[in-house]
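**Student:** Before I ask anything, let me first share the structure, which is written out below as structure tokens.
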């Protein structure tokens, strides 16, 4: 696409970053200064009844700056990158039609990638293949299947945790159905985003600062009633750790605690560690992201001015 074609496209803003980096605060500040409407790009915030453990914007924050694509699914329901792309494109079109600018904010980098580059031509799920994989897992364990994936598709295996059965199963399923690896197929892009996108990433200047923010926020969540929130979900009886909602960082560790598998202190330790690992994965995505302008979490005024300056140019 040449520059003239790009200028003809309506503007959009991406505010990306690791967990606990200040994305929400920056986006709300931008809502006060620019003609923007916010769209959440977060695979955890889509779930109803999961407010504290996902650091969902508060009622006061949502009153200041409403977010679209929050609270759109029950925790028992699934939601894919394809679902997100379809929903986000509709919200963006509605915002643009109203003469305003879509501002997409969140940390689910797979969603941002699906929106920006389109979706790869992955095969549909095959229940028989999936059942065969799950049978193998029950006999050999997911660790053995992860080793199998490491031989077939080492890039995907390095990215997928051995304790993530959904993503591990999907990577193997794609190979067994198509004969091509997930890594090969995801290099083939689909329809690109029909917007002129200003892309920003916000993060603290050092990993140590980010780790401190993550630990502080996890304790703030506990003080705010995270355990009680998780217990309501636990007591429903229809939710389990194979569901994406319950595998969300923090909830998975809380589930182990509520099940009696680990004690409270271990839950806190594991929850903080898992959140740091999530932030590390998010930062890895972002460091390989092209056309992104970095902002410093610890200089919110400068970050705000930088975005306004670029978007208003």
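Cβ coordinates come from backbone N, Cα and C, glycine included.
Values in this document were obtained by computation on a predicted structure and should not be read as measured data.
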**Student:** Select from 42-45, 46-49, 50-53 the stretch of residues annotated by Swiss-Prot as region 'Interaction with substrate tRNA'.
**Tutor:** 42-45
**Student:** Can you identify, from 247-252, 253-258, 259-264, 265-270, the stretch that Swiss-Prot calls region 'Interaction with substrate tRNA'?
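**Tutor:** Within the set 247-252, 253-258, 259-264, 265-270, Swiss-Prot attaches region 'Interaction with substrate tRNA' to 247-252.
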**Student:** Swiss-Prot tags one of 166-170, 171-175, 176-180, 181-185 as region 'Interaction with substrate tRNA' - which one?
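**Tutor:** Checked against Swiss-Prot: region 'Interaction with substrate tRNA' maps to 166-170.
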**Student:** State the Cα to Cα distance, in Å, between residue 22 (ATP binding site) and residue 108 (site 'Interaction with substrate tRNA'), rounded to an integer.
**Tutor:** 15
**Student:** Centre the Cβ atoms of 17, 18, 19, 20, 21, 22, 23, 24, go out 8 Å, and tell me which other residues of that chain have a Cβ in range of the ATP site.
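**Tutor:** Other same-chain residues with Cβ inside the cutoff are 107, 202, 203, 297.
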**Student:** Please name the residue among the recorded positions 19, 21, 24, 108 whose C-beta has the most neighbouring C-beta atoms within 10 angstroms.
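**Tutor:** When each Cβ's neighbours within 10 Å are tallied, 21 leads.
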**Student:** Among all the protein chains here, how many other CB atoms are within 10 A of the CB of residue 22 (ATP binding site)?
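**Tutor:** The Cβ of residue 22 (ATP binding site) has 20 Cβ neighbours within 10 Å.
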**Student:** DSSP-wise, what's the residue breakdown of the region 'Interaction with substrate tRNA' (42-45) into helix, strand and coil?
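**Tutor:** The region 'Interaction with substrate tRNA' (42-45) comes out at 0 helix, 0 strand, 4 coil.
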